[in-house]
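Chemist: Questions regarding the structure given below will be posed in turn.
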Amino acid sequence: MAKPPPPGHPTPGSTGFTTRLRSYFHSSGPSSNPLERRLLLKIDFFILTFCCLSYFLNYLDRTALSNAYVSGMKESLSFHGNQLNQINTCFTIGYVLGQIPSNLSLHYIAPRIFFPGMMVLWAGLTMVTAAARHPGDILAIRFFQGVAESTTFVGTHYILGSWYTEQELGKRSGVFTASGLAGTMIGGFVQSGIHGSLDGLRGLSGWRWLFIIDGIITLPVAIYGFCLFPDTPKTTRAPYLSVEERELAIRRMEKQGVPAVGILSTLFFAFITDLYPHHRSMVGYFIGIIGVLTPSLILAAEHGHFGDPAGSKATAVVMGMYYLSGSVYACQATFFAWANDAMTRDGKEAVFRGVVLAGMNMGNNAVNAWWSIVFYGADMAPWFERGMWAMIGMSVALAIWTGFLSFVGEQMSRLNGTDTKAKVWTAR
C-alpha cells in the first residue's frame, strides 16, 4: 500500500506552484508546528554555517597552490616541465582514495570530532607547505592534503541526508555546493591581497605567507565545529537542541522511510527539485541538453559557421558557450540530493549511503585525473575539438541513462506501489 506523505508537507498534486513556493521558503512548510520550525532554524544555522565555511576554505586552499605558483613559487622552488600538473594529480589521487574511508569513518568517529579534526590536519598541511624547499616536498604534502580534504564534500552530503527530508534537502545541498564555487571565485582576490600586503614580511616571500594565512583562518572554523556541530539526530549532544527537538529530528527521518552559470544554476535546480522532490531527474536532461548545445556551437564557430573563426561574432559565440557551460555545476547538488533520497537513512543499511555518496565523488575525481590530459591538452588549444566531441558523447549518454533510470523506476513503482526499492533506481 502506498505510504502517505509525511505530515507537514503538501500532498503532491494537491497544491499549486504558489503554495509550493510559499511552503518552500517556510523551511518545513506552512502547516508545520513551531517546534519543527525552531528545529529547522537551529540545524540550518549550525550545520550549514560550519559546512559552507569548511567547503569555502577547502576550495580556497585548492586555489592557493595555483596562485602561489604564479606569485613566485615557481621561481623560488625551480619548478620545471609538468611538475605542477603532477602535484595536482597527486592531490587528486589522495582525494579519490580518501572518499570511501572517510565516509565509513563517520560510523565510528563522531562527525563533530572527525570533520573538524580533518580541518585541523589540512590546515596544518597547508601551513607546512610554506616551508617547502623543492617541488617534491609539495607533491608529498598535497597527496595527504587530498586525503584530508576528501572528507568535506561527500561527508557533508551524508550529514545533510541524515537531518533533512526530501522536500528540504535540495535547497541545502545547493547552498553548500555554491559555497565551494564561491571559494573558487573569490579565492584569487583574497590571496592576491595576502601576497601584496605580506610579501617580504619577516623575510618570507608572499607566496609562503599565502599558505600560512590560509591555514590559520581555517582553525577558528574547526574549533567552531568541535564545539557546536550536532552529529546526527540519534547521536547529537548539541547543547542548543532540547530533548523534544532531538526526538522530533529522529521522528522526521523515520517518517521519510528513505532519505545543485555555476552558483545560480546550482541554487535554481536545488530550489526547483525541492518543490518537486520526486523529479530530480529533470536536471539530468538539462545537463544533457547544455552538454550537447555548447560544444556543438563551439565546433560550428571553429568551422566558420559564424564567419571568420577569429572574428568578433565567432568569438562572442564561443565565450557565450563557455559561460553557459558553467551551468552544468547544477548537477552536483541535485544528484547528491537524489542519492540521499534514494537510500535508507537509518539502521545498518545507512552505511551503504555513505559508501554510495563517497563512490559518486570518487568516480568523478578519478575521471577528472585523466580527462583534461586526454581531451583538453595544451597542444589541442584553442578549440579542443576532441574534448568537444567527448562532451557531446557523454551528454547524450547522460540523457539516455537518466531516461532509462526514470523508466525502470516508474515500472517498478507501478508493480510495487511506492516500494522503497524503486527509489534506488529513480527519484521520480
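Residue 1 is the first one shown; counting continues down the chain.
Backbone N, Cα and C atoms are what each Cβ position is placed from, and that goes for glycine too.
Got these off TrEMBL a minute ago, pasting:
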type: TRANSMEM; residues: 39-57; note: transmembrane segment
type: DOMAIN; residues: 47-428; note: domain 'Major facilitator superfamily (MFS) profile'
type: TRANSMEM; residues: 113-132; note: transmembrane segment
type: TRANSMEM; residues: 139-160; note: transmembrane segment
type: TRANSMEM; residues: 175-194; note: transmembrane segment
type: TRANSMEM; residues: 206-226; note: transmembrane segment
type: TRANSMEM; residues: 283-301; note: transmembrane segment
type: TRANSMEM; residues: 321-339; note: transmembrane segment
type: TRANSMEM; residues: 351-376; note: transmembrane segment
type: TRANSMEM; residues: 388-408; note: transmembrane segment
Chemist: Using a cut-off of under 8 Å between C-beta atoms, tell me which stretch among 39-57, 113-132, 175-194, 283-301, 388-408 contacts the transmembrane segment (206-226) the most.
Modeler: 113-132
Chemist: Determine which residues of the chain contact the transmembrane segment (113-132) at the Cβ level, with the cut-off under 8 Å and only residues 6 or more beyond its ends counted.
Modeler: 50, 54, 57-58, 61, 64-65, 77, 102, 105-106, 138, 141-142, 144-145, 148-149, 151-152, 155, 204, 208-212, 214-216, 218-219, 221-226, 229
Chemist: Given the transmembrane segment (175-194), which of the listed stretches 39-57, 139-160, 388-408 has the most Cβ pairs that are under 8 Å apart from it?
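Modeler: Between the stretches 39-57, 139-160, 388-408, 39-57 has the largest tally.
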Chemist: Over the domain 'Major facilitator superfamily (MFS) profile' (47-428), what does the predicted model average in pLDDT?
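Modeler: Reported value for the domain 'Major facilitator superfamily (MFS) profile' (47-428) is a mean pLDDT of 78.
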